[in-house]
Amino acid sequence: MKTYLILATLALIFSAMLTNICAVAFEQPKYCTEAPGDGKCPGEVRPAISTANWTFSKSFGGCVAHRWGSCGNHSNVFPKCLSCMTTCDPENATTYCDGWN
């Protein structure tokens, strides 16, 4: 009986340890919630050259297509939906971006 109690206790402890190891929370980078801007170069009314990129939108709940000029450096601008979602919401990345890359 003592052996059974000891084994049951060890099993519970081991189970709790595995739960803590597997439950590491994802911490979204702060730049995922920053406004992306438009990438205009100084003196431009609008970007002369712009490309379709992706930016994470907290209010939308995922990444959205975004026109980005060639100037400025911004971390919340990604070349593909999958790279945007993998960085900012990895749990939903593959299903959210299905067909967009």
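Just so it is clear, glycine is given a Cβ too, placed from its N, Cα and C backbone atoms.
For Cys88, the cysteine that Swiss-Prot lists as its disulphide partner among Cys32, Cys41 is Cys32. Among Cys71, Cys81, Cys84, the one Swiss-Prot lists as the disulfide partner of Cys41 is Cys71.
Only one of Cys63, Cys97 is recorded by Swiss-Prot as the disulfide partner of Cys84: Cys63. Rounded to a whole value, the Cα-Cα separation of Cys32 (disulfide bond) and Cys84 (disulfide bond) is 9 Å. Annotation for Cys84 (disulfide bond): spatial neighbours Trp54, Thr55, Phe56, Cys63, Phe78, Cys97, criterion Cβ-Cβ under 8 Å with sequence separation of six or more.
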